[in-house]
């Protein structure tokens, strides 16, 4: 039983400051699997150590993807460990041997949560979803299914289902991304519109978008050069701009 603060401090450094220097890193299996099952930020931080044990030391974790799927909640777009989480999720979903229903469930859940995500998170997760479509072409039925649900209540996808295979994601359509095409932020609307076209074979590099902040977005908007747009072809005369108006004889716009 460790205090939550100490748990987080240990997990943040475990993958690069502890495991590489242990003679038997597999001794940390129980500690990491228990931490992964706690939930919240602790589970996110345990992913780094688990990835090393799975990738380099043949750790078999039953229901690993089910647990990873359960970590997808509205907070993932706001936590300070967001970049680390999506970097590792990208690695875990990179295998072409994953079943289509599993990847479709991740795509659908990420898209549903994106409806309430801030713009800086959306500019990262939309290319992330596009990369999943490039790796797993069988999931493109979500984009190309005609006649999607008229409203959310008709969507066959079950958001509350914890088991990805039972979520019915492959029967649904990606109306959430279509909704984001009308987003108030023009960059988000432009990114979401990419799915209206055929995707290129080359994956998008999301490494520079993982830590995108709202301050960087604001700074980018401020530094944009303003373009002078003509508002009237004919120069305005008088107070109300009408020709031969009595107000034009007494008032002028300087």
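Heads up, the Cβ atoms here are built off N, Cα and C, so glycines get one too.
For 43-192, the entry in TrEMBL reads domain 'CCAAT-binding factor'. Per TrEMBL, the feature transmembrane segment maps to 31-54, 85-107.
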Stretch-averaged pLDDT - the domain 'CCAAT-binding factor' (43-192): 86
Secondary structure content of the domain 'CCAAT-binding factor' (43-192), with strand meaning DSSP E or B: 99 helix, 0 strand, 51 coil
